[in-house]
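What TrEMBL annotates here:
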type	residues	note
BINDING	17, 109	Mg(2+) binding site
BINDING	19	substrate binding site
């Protein structure tokens with residue numbers, strides 16, 4: 001059985017959930033609008049991965065157009081919101097882009113991510129993920145969702161593939 005570090009050698013694609021992964025899971029209601037906070041270091045890592053040629057996708061059950069706009073601005077290829085069945089979206093995405101399970105890293109934090117995480121080459125989660133998610137993850141970040149967990153796994157992947165400290169790393 002491969003270690004998670006060995007699995008990182010094959011990764012070409014990152015897929016992240018939003019709530020609990022890119023955010024800390026808190027939802028603030030302000031004048032009938034849901035407000036989420038994203039971490040700039042997680043964002044920097046996502047845009048760097050995109051610049052380095054990695055596919056970056058989002059599959060979320062939540063819905064936030066401002067978050068979607070921000071993620072697309074960072075170089076995320078596609079943002080799938082209101083995904084009631086993440087496996088269906090995942091299968092459509094892999095077929096459309098010709099991706100194999102073993103080249104995909106997924107970071108999720110709760111039960112709606114469970115079945116997708118069983119399919120991918122490298123299943124990862126933040127430190128504060130649900131216990132069922134931790135049990136099936138190849139790697140648990142020491143960082144919480146919304147607090148560098150995404151940066152952590154992207155940085156590790158780029159380091160393993162010797163793509164971390166390139167000229168792209170020093171610019172937004």
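Using the three backbone atoms N, Cα and C, a Cβ is placed for every residue, glycine included.
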Notebook entry, point to check: Under 8 Å Cβ-Cβ from residue 109 (Mg(2+) binding site), six or more apart in the same chain: what's there?
Noted result: 17, 19, 20, 21, 25, 125, 126, 128, 129, 130, 133, 145
Margin query: According to DSSP, collapsed to three classes, what secondary structure does residue 109 (Mg(2+) binding site) have?
Written below: coil
Notebook entry, point to check: Hey, which of the binding-site residues 17, 19 is the loneliest by Cβ count within 10 Å?
Noted result: 19
